[in-house]
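Quick look at what Swiss-Prot annotates:
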{"type": "DISULFID", "residues": "CYS3-CYS24", "note": "disulfide bond"}
{"type": "DISULFID", "residues": "CYS7-CYS30", "note": "disulfide bond"}
{"type": "DISULFID", "residues": "CYS16-CYS35", "note": "disulfide bond"}
Amino acid sequence: FTCAISCDIKVNGKPCKGSGEKKCSGGWSCKFNVCVKV
């Protein structure tokens with residue numbers, strides 16, 4: 001899943017994606033600069 005913009009928000013102490021990257025992993029996606037569970 002590719003994010004439109006980079007978001008480095010952490011959820012439960014774990015980043016939903018790498019810093020500066022636009023690709024989310026681990027069942028998360030970026031939406032409006034926040035991590036949301038897919």
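Yeah, the Cβs are placed from backbone N, Cα and C, and that goes for glycine too.
When Cβ atoms from all protein chains are considered, those within 10 Å of CYS30 (disulfide bond) total 22, not counting its own. In the structure as shown, the Cβ atom of CYS35 (disulfide bond) sits within 10 Å of 22 other Cβ atoms.
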